[in-house]
């Protein structure tokens, strides 16, 4: 076996090992450097200098306040990513708060880059998703329950109780993205979106909530 073949064999095995290795961080943490103007676009955000990292980078109060549910669907979703919470940068996580007023609902949508763990802090909620075989998976969840929305799956939730509901989510991407079905199809017609939303609430959502209440009494 000549030296060229030996080198090529070693190179191949080394390359395979590198490809199979985890893409781990090389620092303990890499909080977003919000003061630096981004001139080079990378898969994430520029990091702060290690010497300037502080405990405040790993704390956020952005989910303390309830969202504004004074709208047609009577709900609010506040997603906090690494752009708003520096400590999340490079960690592959984001967080969210969902507030649902009586009969409130979150319209069907998906997160193309993240799986979502939906933790119900207060209330009773009907949560579900639709897989690629158009199979519906839904469950009535109560305070303390967790429901999982797989990555990229169309999902929704509906307040099925007698009081406002609050939920917190953790998503497996620092920038999960949101694809809204109603927004994608009817983006240029605001009036049509409003009419469709009102129709869903008045006919579908209320009936679903009443059905759920009957079955939990």
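Each Cβ is built from the backbone N, Cα and C atoms, and glycine gets one as well.
Under the heading Mn(2+) binding site, TrEMBL lists 109, 111, 116, 155. For residue 116 (Mn(2+) binding site), the count of additional Cβ atoms within 10 Å of its Cβ stands at 22 [all protein chains shown].
According to TrEMBL, the feature oxalate binding site maps to 111, 116. Around residue 111 (Mn(2+) binding site), taking its Cβ as the centre, 25 other Cβ atoms fall within 10 Å, counting all chains.
Residues annotated as disulfide bond in TrEMBL: 30-47.
Per DSSP, the secondary structure of the domain 'Cupin type-1' (61-194) breaks down as 14 helix, 59 strand, 61 coil. The domain 'Cupin type-1' feature in TrEMBL is assigned to 61-194.
Sequence annotations record features per position, and here TrEMBL assigns signal peptide to 1-21.
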Exercise. Within 8 Å of the Cβ centroid of the Mn(2+) site residues 109, 111, 116, 155, which other residues of the same chain have their Cβ?
Worked result: 110, 114, 129, 149, 153, 154, 176, 178
Exercise. Which entry in the list of disulfide-bonded residues, 30, 47, has its Cβ near the fewest other Cβ atoms, using 10 Å as the limit?
Worked result: 47
